[in-house]
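First the structure, in the form of structure tokens, and then the observations on it.
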Amino acid sequence: MLFSGLVSVILFFHATGVEAFDVTTSNPNVKVKENQGADLTCKYTADFGIGARVEWKFRDMAGSQIYVIFDGKPTAQYASRVTVSSGLLRFSSVTRKDNGEYNCEVSGNQQFKEVTVTLTVLVPPAVPICRVPSTATTGRMVLLSCHDPEGSPPPTYTWFKDKTPLPADPSQFPAFSNYTYKLNTANSHLEYPSISLMDTGDYYCQSENEAGPPQVCAPLRMVVRDVNVGGIVAGVIVALLAIVLLFLALWYAHRKGYLPRKTKGKPKPSVVYQPASEHGDEGDGEFRQKSSFVV
């Protein structure tokens, strides 16, 4: 009888499209402007029982996870701007730090289910920070960088050279087939593995997302020059000639006696100690020290 009753319940839920011990949300992707309120929903079936435990966890963009709702109440860092009721998690205001995933976890009657809601806080892009070297030498690797620290969701970037947008893959466009740059769409870096004279120009970057109008940095000029091989060779020759002339000058000055010669020190006197004669000196019965100087 009990078994047939459970089967009937399961068939009823299946027929009505409702699964037993199910947790759902009415909006899995919530987008809201910064400093505005946001509602995250979480609904669960009655199978979990009247005393079902509902908890919310937050996982930020870096992967760190903390509790938002624990034991039915907001944790300390959310207490001033979060309320919860019947599975509804309500923010009075959000900031860009709230970007991430929120897991609604429901447990009861020895069952556990969860649903994930992604919150995207909309922040318009700011003027990106662009770094472009003013000069470069042909054949060298050169890196141009662009970064917008404000925009949310993370902006996409487009590089321009002489007011012309650079495609992500230059090999797909005949007009850019001779270009050798690589555009990293993940970090917005524009890299020239081996820069050439044709890469001279004015560069700037544009950041763009759905929260507001695109922003660009001021154009920066990069001039590419050839390696001055002739100048390097001439410099080496001049340096070698200078060294040879210095040695010749020192040799000539030494030969003519213009340089001080090393003087030999006078020999020190040699002191020879001789014992007094057996008969003593002048009859005083004592030995006296005598010395002779040999020059």
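Any Cβ shown, glycine's included, is placed from N, Cα and C.
Quick caveat, the model's predicted, so the values are computed rather than measured.
Residues annotated as compositional bias 'Basic and acidic residues' in TrEMBL: 278-289.
According to TrEMBL, the feature domain 'Ig-like' maps to 19-120 (among others). Residues of the domain 'Ig-like' (19-120) grouped by DSSP class, helix first, strand second and coil last, total 9 helix, 55 strand, 38 coil.
Among the features that TrEMBL reports, domain 'Ig-like' is placed at 125-221 (among others).
Here TrEMBL flags 263-295 as region 'Disordered'.
What TrEMBL records for 1-20 is signal peptide.
The transmembrane segment feature in TrEMBL is assigned to 229-253.
Across the range of the domain 'Ig-like' (125-221), the DSSP-based residue counts are 9 helix, 44 strand, 44 coil.
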